[in-house]
Amino acid sequence: MDGHIRFDTKDCALLLLDQRRLPLAEETFACRTVDDVVYALRTMVVRGAPAIGVSAAYACRIALKEALAAGSDWAEALHSLLDRLVRARPTAVNLAWAVNRMRAAWKPGCDPRDLARTWEALALEIHAEDVAMNRAMGRFGAELLDDGDTVMTHCNAGALATGGHGTALGVIRSAVEAGKKISVIANETRPFLQGARLTAYELHRDGIPVTVACDNACSQLMKTGRVQKVVVGADRIAANGDTANKIGTSGVALLARHYGIPFYVAAPGSTFDLSIPDGSHIPIEERTPEEVTHAGGTRVVPEGVAVVNEAFDVTESGLITGIVTEKGVIRPDRESILRAMGGAP
Ligand SMILES: CSC[C@@H](O)[C@@H](O)C(=O)COP(=O)(O)O
């Protein structure tokens, strides 16, 4: 599936398929200001690390239009809009990665009309590159799956979470395209239900067999031999391979290790943060308590009771069998990561 992130150049608007409404309704959410985009990111109209990065790249173009309307010191206004954008969601490094890449193409003293053209082209390029990286990851990752496998995944690391095709679901899609019979167990992923709503929606549309399981069914499903592989996405991977992904992922990894099931992470270069040595440096987003106190708009936790809603956890690299990237499948250790991702060892 594609078309879930579009940019209308005439209107200078970012058009997003509203993921909060899926699978019940397919509605478009239009962003015309940086505030609109920040709102869309925070409330998860668009979510998933690479999709956040792609949306942020288009949002830079919107920020430029807004800064120009602000008056003569447009460059200063633009810097502060971009800073606001980067703070919208803290864990997915793709957000800062995309904005930094856009910033790097902004030459000091340039004519804003030139910058508008440069940024429009660069945002499109970042979007297209993301799809190409997912396709490359898919080709490498498909080799890891055997005909007849049932693959467990957590959260949604599909087309919706990226520019298109998906990371973890891209691996599964590519294996199916290669003629392998693959079934998927989608963990429901409380509290936002990315697995139940979005992974199930995408795979069902594609005709890939998918079964939704409660998050707490994981051990039972693995113990009874119903899971052959696990493939998940990532929001930030530290230089040593420690990986932040949706809350619950590290529990799935621990169980996979216990039951001897290979556990793979699929992520593009834009998800690696080589500036941090390990996962203890990854900021973990704390989201609104209402996501936990309520289910489907109904309160399920007694009034006055505290809840915790950390949106991500970190899986230690030692629990990861391999990281599927656009450069190939790499071992989750510092040396292999720096070699593949171009940092100094
Ligand atoms: C290809 S998406 C990888 C991750 O971003 C995904 O698994 C995830 O954790 C998304 O979290 P979300 O809070 O829905 O943005």
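Backbone N, Cα and C define each Cβ position, glycine as well.
Any TrEMBL annotation is an automated prediction that lacks curation.
As written in TrEMBL, here are the features:
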type     : residues                                           : note
BINDING  : Arg47, Gly48, Ala49, Arg89, Gln194, Asn245, Lys246 : substrate binding site
SITE     : Cys155                                             : site 'Transition state stabilizer'
ACT_SITE : Asp235                                             : active site, proton donor
Please report the Cα separation of Lys246 (substrate binding site) and Cys155 (site 'Transition state stabilizer') in Å, rounded to an integer.
6
DSSP on Arg89 (substrate binding site), three-state: which is it?
coil
What count of other C-beta atoms do you get within 10 angstroms of the C-beta of Gln194 (substrate binding site), across all chains shown?
27
Within 10 Å of the Cβ of Ala49 (substrate binding site), how many other Cβ atoms can be counted across all chains shown?
28
Whose Cβ, among the binding-site residues Arg89, Lys246, has more other Cβ atoms within 10 Å than any of the rest?
Lys246
Separation of alpha carbons, Asp235 (active site, proton donor) and Asn245 (substrate binding site) (Å):
5
Taking only the Cα atoms, work out how far Gln194 (substrate binding site) lies from Cys155 (site 'Transition state stabilizer'), in Å, as a whole number.
5
